[in-house]
Amino acid sequence: MERFDAIIIGAGAAGMFCSALAGQAGRRVLLIDNGKKPGRKILMSGGGRCNFTNLYVEPGAYLSQNPHFCKSALARFTQWDFIDLVNKHGIAWHEKTLGQLFCDDSAQQIVDMLVDECEKGNVTFRLRSEVLSVAKDETGFTLDLNGMTVGCEKLVIATGGLSMPGLGASPFGYKIAEQFGLNVLPTRAGLVPFTLHKPLLEELQVLAGVAVPSVITAENGTVFRENLLFTHRGLSGPAVLQISSYWQPGEFVSINLLPDVDLETFLNEQRNAHPNQSLKNTLAVHLPKRLVERLQQLGQIPDVSLKQLNVRDQQALISTLTDWRVQPNGTEGYRTAEVTLGGVDTNELSSRTMEARKVPGLYFIGEVMDVTGWLGGYNFQWAWSSAWACAQDLIAAKSS
């Protein structure tokens, strides 16, 4: 049986980065993945350009039952540290919006960078390999793969969550945690589009493809100001993806379709200047024409001129456009979700090393645990930061 200092399961962002760091420090590392190639989810991210971090990373941008858990790792390996690595590899990047950093060229550059870093550390890759069983004894862990048995002193689970099953997502990491007696919190899809109840969906389907700036608010008071997109299945766009992580089934969300306009002042000014102008054309100054026309067809916008708009109807209109209350039917689920909420309970792990408190030598990094970031590079930064924290402990084990 071949033995390694550390075996890392999952050749995604966290797994590759942790492997590279430990390998370059002299640890003998085996990196296992069930896919044909490493970094499959990285390649799909950011529209193929990989939103690899965010300039404004802070603990408040992460959801967890223990909101303090992420603080240590994020402080010890920051976005600036990862940007330094990207720069060292000569990868050109740009800020798109809200601090989101993307490769100028392709997400493949980030994958190539991580593979290169792994090769510098003499990391052994074992792709297309399924882990059939994991056992622990006094010397460490023994893994039964399809066709071979390997052993290690340290075992790192970097298998991610359940989002995007088409890219190989599975509950493997949760099963390992449960096998060793660790608590796993309920999971659900995060950063995911909303589906709508049939009557509302049928009313809005003709708007598929229309995007508008918005402010969207969850019942718990969480607010995001980003674009909203109407789709054939419901509502999407950055604002919806963000708020979906804070939404619970049965709850409403409030949507302001005119976040940059004081609608009452605007209507009063336009009424004084252009009393005979239609309300529809007035609103089309700030809203997509297709949206205005559809809302008028649905009776949400009166078919009147500005001088005919009475106070009661104006107040109802303002409420419709700035506090549109929608009760989603659900979400599109893991198939299109960018992340998985919940996972391995962080109370089971050391926030400094990511090691399981009950099981020395067993670590969890990245999305598999109950830490979920906002849209916009935050989840990649958690992958880098948690991987770095874990790697430092793998390295320290060698020196001790």
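Just so you know, glycine gets a Cβ as well, placed from its N, Cα and C.
The FAD site recorded in Swiss-Prot includes Asp33, Asn34, Arg40, Gly46, Asn51, Val131, Glu367, Phe380, and the single candidate from Ala14, Ala396, Ala397 that the record places there is Ala14. Within the same chain, residues at least 6 positions away in sequence whose Cβ sits under 8 Å from that of Gly46 (FAD binding site) are Phe52, Phe102, Cys103, Ala107. For Asn34 (FAD binding site), other Cβ atoms within 10 Å of its Cβ number 18.
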